[in-house]
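Record features, source TrEMBL:
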| type | residues | note |
| --- | --- | --- |
| REGION | 1-399 | region 'N-terminal catalytic PFK domain 1' |
| DOMAIN | 27-332 | domain 'Phosphofructokinase' |
| BINDING | Gly34, Arg97, Cys98, Gly127, Asp128, Gly129, Ser130 | ATP binding site |
| BINDING | Asp128 | Mg(2+) binding site |
| BINDING | Ser173, Ile174, Asp175, Arg210, Met217, Gly218, Arg219, Glu273, Arg301, His307, Val308, Gln309, Arg310 | substrate binding site |
| DOMAIN | 412-697 | domain 'Phosphofructokinase' |
| REGION | 412-784 | region 'C-terminal regulatory PFK domain 2' |
Amino acid sequence: MDADDSRAPKGSLRKFLEHLSGAGKAIGVLTSGGDAQGMNAAVRAVVRMGIYVGAKVYFIYEGYQGMVDGGSNIAEADWESVSSILQVGGTIIGSARCQAFRTREGRLKAACNLLQRGITNLCVIGGDGSLTGANLFRKEWSGLLEELARNGQIDKEAVQKYAYLNVVGMVGSIDNDFCGTDMTIGTDSALHRIIEVVDAIMTTAQSHQRTFVLEVMGRHCGYLALVSALACGADWVFLPESPPEEGWEEQMCVKLSENRARKKRLNIIIVAEGAIDTQNKPITSEKIKELVVTQLGYDTRVTILGHVQRGGTPSAFDRILASRMGVEAVIALLEATPDTPACVVSLNGNHAVRLPLMECVQMTQDVQKAMDERRFQDAVRLRGRSFAGNLNTYKRLAIKLPDDQIPKTNCNVAVINVGAPAAGMNAAVRSAVRVGIADGHRMLAIYDGFDGFAKGQIKEIGWTDVGGWTGQGGSILGTKRVLPGKYLEEIATQMRTHSINALLIIGGFEAYLGLLELSAAREKHEEFCVPMVMVPATVSNNVPGSDFSIGADTALNTITDTCDRIKQSASGTKRRVFIIETMGGYCGYLANMGGLAAGADAAYIFEEPFDIRDLQSNVEHLTEKMKTTIQRGLVLRNESCSENYTTDFIYQLYSEEGKGVFDCRKNVLGHMQQGGAPSPFDRNFGTKISARAMEWITAKLKEARGRGKKFTTDDSVCVLGISKRNVIFQPVAELKKQTDFEHRIPKEQWWLKLRPLMKILAKYKASYDVSDSGQLEHVQPWSV
């Protein structure tokens, strides 16, 4: 945590931020079009990163309208202007639709207003319309300057000095309707709002055996509808990109009545506001309600969520995404040359990448064109890999074929939860069970981890048994930290008794250790010579082989929400610093990312050793900060970051050293980080990754069918995880080399690269490695 961060790696291979200087440059930041939660986090990152590199940063209020009107609408921002806005929804600098900017006359005024302040770098946060406008402005820039010079509004020197305009875009849109990025700023928060409503509606619908039709936003894009349907296990979903087939009315009514016959007390139907049929005629929520009432006679209600989805506080994911993109946008502006095309900063896997703005806009328009021309398969393909994957997974999990239509494999596949509970585990179990049944396997549930496995607590689990599981927190199957090592004999006997042909383990580091023990016991017990795969599920996010684990996002949101409340509790009182302890064992993921999402001043983690001098410099830094208008400080500490510098020690040190300037409070968050309903991300991630694991098991079993093949090779015992931009299966034997077993963490962790980001945004000097960014990539429809 030292202020000058001298431990950062140096060397010619690394390209560091120090090489980039913003001295003499002016950056204008504006938000335009519809607002989205997380825009403020992006504005904050642009302002602070800009000031950090020595540039002047200007707020442009009310979007393009403010640029055209000029005057007080364009104002210089300082460090404190963006303090305490991270948790605020919407945009503090305002957004407006602007007709004037669509005319050349309006753009001429805008150029004149920017030149008065020397602004030649624009950071635009908005949708595709706003970004297209910025690109046109950039293309016309030199012509506009010449016209201003002819009119005598600027001199010849200014034309040469401000010869070109750089534009970098960030996409802020809750619809996630922009091609080229996995997630746009605001989408995750909108999903949070939708899922909160769905969870609330489910309890009342169940009481009255009702059918609910929920209309969500998405005039041209069905992302919100599709993902919320996947996350809550909706009975039916209507999307603009994938209209239902002819005769859908009857099919839907049959599906709803079948579900009621299976003792399901409620039905949920989700409709995107832009839903259409194959003839491009709108399908409205009222039309669906009438259909259900007249055909089935069910008590049916319509709920239109409307602008609720745009409101509220941004989720942890959106804050981190927007902060990363804001910093990347400033770096892109500093590196731009007159020949650099306008680019958009986007997310691919967990990488921030730069893409040519107009390529992304073109592809976004191609999707709309495909829908208008009724080429719906093309529309889904152009939306990208994750959209198509979501749609296929939803179809597999929502619609069960009659038993006589599913070819049986005569294989038994068992599912087990191991380790501490993590939100999203139940969504993963539901997904595995349903995909397994659809593939023709007999699915077995093992209760209470390896302990229950040894005792024979194993039961067959059916399609309807897992209905309604996606929104449940904890682990319904029960989970324990017990490892299989002591019970290998008993577990082998149970494998034999129940003729288990494959095993899916959902859990954290204990699950990983358990898998290693089962793999090592193959020589002794041939029962373990079956395909075994692990899906990582732990709040600590410390499983080797995966950048993310199920449950970590929910825990991160709990930490972020709690930090927001704690900070708010001090408003109106004197200056105060909060010391907050997070979970994670030796893994600092929650403390680090929680610090980034909550706007912490420091986050102490095991992976980055610190000493008393670092603590001292942090106290001094906070003391300086408190002499300004800023009233609150936030310090996060991972529970095992240091044996001696305990939470109590740090609390006492800060209390003593801050005397007369600020007082201190401490808070240990504890097990609230493991509880609660899973976030939309965890429901979705659990559902998709578990379905993928079952597809792998099915493929392995197919290979061996009829040959009585024993699985003895390393590639039949794997961890399934997300690494950089791909979902990959890695043999546990290979992952051993990448594991620090003593501290139960991977030797290399991707998120450590984001540490300097938190420090820079908290006004520390830090070396930020920008070697990953800088190259302009091209949009690939299948890697979007």
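Cβ atoms are placed via backbone N, Cα and C, with glycine included.
Structure with TrEMBL features highlighted.
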residue: Gly34; record: ATP binding site; contacts (Cβ under 8 Å, 6+ apart): Ser95, Gly127, Ser173, Ile174, Arg310
residue: Arg97; record: ATP binding site; contacts (Cβ under 8 Å, 6+ apart): Gly33, Gly63
residue: Cys98; record: ATP binding site; contacts (Cβ under 8 Å, 6+ apart): Ser32, Gly63, Tyr64, Gln65, Val68, Gly106
residue: Asp128; record: ATP binding site; contacts (Cβ under 8 Å, 6+ apart): Val171, Asp177, Phe178, Cys360, Val361, Thr364, Gln365
residue: Gly129; record: ATP binding site; contacts (Cβ under 8 Å, 6+ apart): Gly33
residue: Ser130; record: ATP binding site; contacts (Cβ under 8 Å, 6+ apart): Ser32, Gly33, Gly63, Tyr64, Val124, Gly169
residue: Asp175; record: substrate binding site; contacts (Cβ under 8 Å, 6+ apart): Thr184, Thr187, Met217, Gly218, Arg219, His220, Cys221, Tyr223, Leu224
residue: Val308; record: substrate binding site; contacts (Cβ under 8 Å, 6+ apart): Arg193, Val197
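The number of other CB atoms found within 10 A of the CB of Arg310 (substrate binding site), across every protein chain shown, is 19.
For the binding-site residues listed here (Arg219, Arg301), the lowest count of other CB atoms within 10 A around the CB belongs to Arg219. Counting every protein chain shown, the number of other Cβ atoms lying within 10 Å of the Cβ of Met217 (substrate binding site) is 24.
Counted within 10 Å of its Cβ, the other Cβ atoms near Gly127 (ATP binding site) come to 22, all protein chains included.
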